[in-house]
Amino acid sequence: MKNISITNRKIEHVEICLYENVEFGSTLFEDVTLIHQSLPGFSLADVSTTTNFLGKKMSAPIIITGMTGGLPELGKINETIAEVIEELGLGMGVGSQRIAIEKKETKETFSIVRKKAPNSPIIANLGAPQFVKGYSLEQVEEAIQMIEADAIAIHFNSAQEVFQPEGEPNYSIEILYKLIDISKSLKVPIIIKESGSGLSMEVTKMFYENGIKYFDTSGTGGTSWVSVEMYRGLRRNNWKAESAKLFLDWGIPTAASIVEVRSIAQDGTIIGSGGVRNGLEVAKAIALGADIGGFALPALKAAVKGKESLMNFLKKVIFELKVAMFLSGNKTIGELKKTPIVIGKELRNWLDSRGINLSYYDSVRKRRV
């Protein structure tokens with residue numbers, strides 16, 4: 001299985017995400033309720049969703065998180081996303097740039113993003129396992145320069161690597177030390193990003209206490225990359241595929257992950273992603289502790305249909321976010337971060353089991369600016 005090229009794998013990943021059922025688990029956003037305010041005190045037109053992220057102003061706290069690149073057809077997806085987020089004033093990340101570092105001829109499928117979105121927050125992307133295999137500051141800077149990125153996400157996908165037919169699940173502590181060292185030499189921040197299994201308090205603490213303050217939760221309830229590798233394994237009669245079925249919903253629900261990360265990274269910046277599917281869930285993520293809402297799969301499905309499809313999807317999300325803010329009496333994103341919320345039983349039990357005091361956490365989330 002080692003001879004499967006990165007290029008073939010990237011195509012297969014996108015194809016499976018588009019045509020197979022890859023969503024498993026719960027985000028637990030159903031356990032987060034915003035309080036309805038019958039008299040908001042202002043009109044819907046007064047609601048402002050503007051925010052700042054990575055030093056740039058955004059029309060709404062929404063990014064399309066890293067998905068793909070590396071082939072002309074995948075570069076076209078990146079190009080479509082970039083054009084739309086530039087027009088709407090949003091942000092985006094690219095998929096893993098390892099392929100462009102190892103195959104220079106594929107760089108254009110990533111660099112097109114900055115050409116089409118000169119003013120938007122753009123996030124570069126490399127995989128954590130590569131830092132065990134020799135990646136260093138040089139490769140990180142190359143990925144950043146390739147797209148003139150405002151930050152670089154280092155994605156952690158241990159659950160996916162375990163079940164990937166050609167996976168290399170090596171997550172030694174060397175990764176932590178390398179990233180801490182690299183972060184001190186960069187002009188842009190590192191974002192610690194999960195890949196569908198959620199970030200825990202423990203992992204957040206490792207990085208936050210060493211100066212890394214940006215996190216992307218990517219919790220359960222959205223795309224299960226274990227399921228993606230299960231489908232790939234089934235096609236190859238790989239023995240791991242049957243075991244993968246036990247772990248399809250493995251991980252931390254997105255809502256719980258947001259709280260776990262915020263409870264540690266109290267002045268950090270958090271992208272709440274993983275199963276976020278609409279503007280109401282963006283509002284819930286931000287009220288709960290995130291700064292930005294992140295989308296991947298629904299944006300991919302819209303983008304492959306063309307620019308208009310993605311534009312319509314994101315306009316709908318922004319409208320839903322505004323409605324949620326209006327009905328909960330919040331005129332700005334700053335107010336939304338402090339709005340009253342009710343936590344349901346399952347999420348409350350999770351947080352209790354993890355030793356997170358809800359009264360104390362409520363004061364933490366409301367201190368955000």
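From the backbone N, Cα and C atoms, a Cβ is placed for every residue, glycine too.
Lifted from Swiss-Prot, the feature list:
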type    : residues                                                                      : note
BINDING : R9, K10, S96, Q97, R98, Q160                                                  : substrate binding site
BINDING : T65, G66, M67, T68, S96, N125, K193, S218, T223, G275, V276, R277, A296, L297 : FMN binding site
BINDING : E161                                                                          : Mg(2+) binding site
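Structure coloured by features recorded in Swiss-Prot.
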{"residue": "R9", "record": "substrate binding site", "CB count, 10 Å": "17"}
{"residue": "T65", "record": "FMN binding site", "CB count, 10 Å": "30"}
{"residue": "M67", "record": "FMN binding site", "CB count, 10 Å": "26"}
{"residue": "S96", "record": "substrate binding site", "CB count, 10 Å": "25"}
{"residue": "Q97", "record": "substrate binding site", "CB count, 10 Å": "29"}
{"residue": "R98", "record": "substrate binding site", "CB count, 10 Å": "19"}
{"residue": "Q160", "record": "substrate binding site", "CB count, 10 Å": "23"}
{"residue": "E161", "record": "Mg(2+) binding site", "CB count, 10 Å": "20"}
{"residue": "K193", "record": "FMN binding site", "CB count, 10 Å": "27"}
{"residue": "T223", "record": "FMN binding site", "CB count, 10 Å": "24"}
Report summary line: Close in space but at least six residues away in sequence, with Cβ under 8 Å from that of V276 (FMN binding site), the same-chain residues are T27, F29, G222, T254, V282, A285, G293, G294, F295
Query raised in the report: Taking the Cβ of A296 (FMN binding site) as centre, how many other Cβ atoms lie within 10 Å?
Result: 25
Report summary line: In whole Å, the longest Cα-Cα distance within the recorded substrate binders R9, K10, S96, Q97, R98, Q160 is 17
Requested in this report: Would you mind listing, in sequence order, the residues at least six apart from K10 (substrate binding site) in the same chain with a Cβ closer than 8 Å to its Cβ?
Outcome: T68, G69, G70, L71, L74, G95, I99
Query raised in the report: If you run the three-state DSSP split on V276 (FMN binding site), which class comes out?
Result: coil
Query raised in the report: What kind of secondary structure is T223 (FMN binding site) part of, going by DSSP in three states?
Result: strand
Requested in this report: May I ask for the distance between R9 (substrate binding site) and M67 (FMN binding site), taken between their Cα atoms and rounded to an integer number of Å?
Outcome: 13
Report summary line: Cα nearest T223 (FMN binding site) among binding-site residues (S96, Q97, R98) -> S96
Query raised in the report: Just how spread out is the FMN site if you go by the largest Cα to Cα distance in Å among T65, G66, M67, T68, S96, N125, K193, S218, T223, G275, V276, R277, A296, L297?
Result: 22
Query raised in the report: Based on Cα coordinates, which of the following binding-site residues are within 10 Å of M67 (FMN binding site): S96, R98, Q160, E161?
Result: S96
**Report entry** Rounded distance in angstrom between the Cα atoms of R98 (substrate binding site) and A296 (FMN binding site)
**Finding:** 19
